Amino acid sequence: MGPVMLDVLGCELDAEEREILQHPLTGGLILFSRNYHDPAQLRELVRQIRAASRHRLVVAVDQEGGRVQRFREGFTRLPAMQAFSALNPSAEAETLAQQAGWLMASEMIAMDIDISFAPVLDIGYGSAAIGERSFHEDPAIALQMARCFIRGMREAGMKTTGKHFPGHGAVSADSHKETPRDTRSEAEIRRHDMPIFQQLIAERALDAIMPAHVIYTEVDPRPASGSSHWLKTVLRQELGFDGVIFSDDLSMEGAAIMGSYAERGQAALDAGCDMILVCNNREGAVSVLDNLPAMEADRVARLYHRGDFTRQQLIDSSRWKETSVALDRLQGRWLNHKAAAGR
């Protein structure tokens, strides 16, 4: 399996995409809203992807909930992660978070999708890129909510991806549009943002981690996604993380500081990433495939899903029906809450 995860343009594969999926460096594919029309079409697209690739790819999506949910019509509308603790007593919030993790993962696995890049482990709501995607501004509450969500994901058969290490919650800039800079000291980042990652790693609750396209100016001039300090020294050696490290999308403006697409890809791999994402730029993805040396990304094969059920079996189950109703109710309460607050 190769170390490159890329995307496709539409709701079915074209000839060039079939060729790209055969490339030995291709190891994964991420789906977006543009790849979705309805559940039957999505399942057929994933079947085409599986058939076109020379080995089993890791098929991924961002189906977190709230504003980051690529597939909407035909799937349960998941509330933003902030909604669990913001609107419910702690015990009920924990139950809902676990059920949401289970339902999200189950709905994706029924489509033969391996992973959703979740959960978000960033602390606080101040970042434009994160906001309500964060479980809470209190690290202890965020940790407990994340534990519950992870428990649900794993119960369904999906591996977990914690993001965005070492923490994206304190910067207001959006790394999709620019390169955010976090000017806090390393000691402050370690005290406030990193403990949730550290604890979940110690509990072996994270199968993968995605670092932030953020420059922590007091620590390293490179974004964390291209920093051997953050990925090798801190994450691998100090925290003992043995799972998969993904780069975030190298097409994002936050990664542009690392050079051309090929240079960004090589920098992320040299820094310690196992798999690099190159999305929304076909020319950039082809440049990466054409210029990287041959290599394998063996760790990534650990991320295949373990579910064995159809969509019909899932939606016929009493658990899905009850959970879908509960989450839909919470989503309605959350939208009303935001409207009342003028958000």
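Using N, Cα and C of the backbone, Cβ positions are placed for all residues, glycine too.
In Swiss-Prot, the substrate site is described by D62, R133, K163, H164, and among R56, R70 the residue recorded at this site is R70.
Long-range contacts of the region 'Disordered' (161-187) within its own chain (CB-CB distance under 8 A, at least 6 residues past either end) are made by residues 115-130, 134, 137, 146, 193-194, 196-197, 200, 206-219, 223-224, 230, 234-235, 244, 246, 248, 252-254, 256-257.
Across the range of the region 'Disordered' (161-187), the DSSP-based residue counts are 2 helix, 7 strand, 18 coil.
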